[in-house]
Amino acid sequence: MKIYILLALLGVALVEAKVYFQETFSSDDWASRWVQSEHKGKEFGKFKLTAGKFYGDAEKDKGIQTSQDARFYGLSSKFEPFTNKDKPLVIQFTVKHEQNIDCGGGYLKVFDCSLDQKDMHGESPYLLMFGPDICGPGTKKVHVIFNYKSQNHLIKKEIRCKDDVFSHLYTLIVKPDNTYEVLIDNEKAQSGELEEDWDMLPPKKIKDPDASKPDDWDDRATIPDPDDTKPEDWDQPEHIPDPDATKPEDWDDEMDGEWEPPMIDNPDYKGEWKPKQIDNPDYKGPWHHPEIDNPEYTADPELYKYDEICSVGLDLWQVKSGTIFDNFLVGDDIEEAKRIGEETWGATKDEAKKMKDAQDEEERKKAEEEAKAAEDSKEDDEEEDDDELDEEDDDDIDELGHDEL
């Protein structure tokens, strides 16, 4: 009690940490909490509730899985609106590409309350987009896109996503000091400052438009030696007639023309002569364009802030379906999010890997048995063919013997 009174006297705001949205798909009525988009002109695929082909816990690992290839997916859920003013914003969920995805998104969009859930589509304005995106060997990254003043801004740093078939926990933390962290499996994958890593604000400094390099500015570190001269014997031809070549004995000048020896590289050829370089006595170093304060720059101490956070949505395209989404969380307590991540994803990931390893071993043994059976069958067929050939040879001998008789 004394601590709370002391904090109040110091003017420290007492803000209770909160989870605003959490979805673990632990009940069959999950669809009542989510809305399927019906945007015209797009063929949407269906999500199904499943733990997938392998899992650590058949119930805890249930999530919603994309189930149709080459489809758009549009599903969203709303919750009580809140603002992240003066507190962290935590977005967290798990993604499991158990189909070994070749091209498709696995990211989440966060919206304000203006989202028309029935009409959600790729052009629907969003507050931020976060999560993995894979397409071929060249694109395996984590998107972090912020909308600032109605413009979407991509992160300038590269964050590589996981590209295996297991479930992974993705966490975005945006802090009120305008810094951020991206965690993958509760380990830091990237961090920094919002102003530095996104082009949401104009640069603080710009090149002075009135400045230019002086005409007499010499930025050549070295110059040709004016006293150096080319040696008299320098100029030699690059190729010369082969001195060891002789005219063939059967060469006919009238028929073949005048004989000329073949050309070879001249060992005395030195190439183009250039005077040696010496230090430039007038060298002033590289010229740097002076910078001035950018008159269009204005600092924004609330880059991190959203006045109204109200819904999350999966707005995706997948060529190869099979991705499972689970363990969604939107809150403002970083440590609580980590704890929940460990209690959900962390509690079953090791057992899921054991199950997958066992399945792989079983498939390996089955493949070996099938290959051996195919090889045995091939050998049996070859033996039968050999027996048939031997019988034909015996018949030929018998017929030959009868003919001789």
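Cβ atoms here come from the backbone N, Cα and C positions, even for glycine.
Annotated signal peptide per TrEMBL: 1-17, in sequence order.
Using a 10 Å Cβ-Cβ cutoff, CYS135 (disulfide bond) registers 15 neighbours. For CYS103-CYS135, the entry in TrEMBL reads disulfide bond.
For ASP133 (alpha-D-glucoside binding site), the same-chain residues lying six or more positions away in sequence with a CB closer than 8 A to its CB are GLY105, GLY106, TYR107, THR139, LYS140, LYS141, VAL142, HIS143, CYS161. TrEMBL lists TYR107, LYS109, TYR126, ASP133, ASP315 with the feature alpha-D-glucoside binding site.
TrEMBL lists 192-257 (among others) with the feature region 'Disordered'.
DSSP assignment over the compositional bias 'Basic and acidic residues' (205-249) gives 0 helix, 9 strand, 36 coil. Residues annotated as compositional bias 'Basic and acidic residues' in TrEMBL: 205-249 (among others).
Positions annotated as compositional bias 'Basic and acidic residues' by TrEMBL: 340-376 (among others).
What TrEMBL lists as region 'Disordered' is 340-405 (among others).
According to TrEMBL, the compositional bias 'Acidic residues' annotation covers 377-398.
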Practice prompt. State which of the following recorded positions has the fewest other Cβ atoms within 10 Å around its Cβ: CYS103, TYR107, LYS109, TYR126, ASP315.
Written response: CYS103
Discussion item. Please report the Cα separation of TYR126 (alpha-D-glucoside binding site) and CYS135 (disulfide bond) in Å, rounded to an integer.
Written reply: 23
Discussion item. Can you name every residue in this chain, apart from TYR107, LYS109, TYR126, ASP133, ASP315, with its Cβ inside 8 Å of the center of the Cβ atoms of the recorded alpha-D-glucoside site?
Written reply: GLY105, LEU108, MET129, PHE130, GLY131, HIS143, ILE145, GLY313, LEU314, LEU316
Worksheet item: What's the CA-CA gap between CYS135 (disulfide bond) and ASP315 (alpha-D-glucoside binding site) in angstrom, rounded?
Response: 16
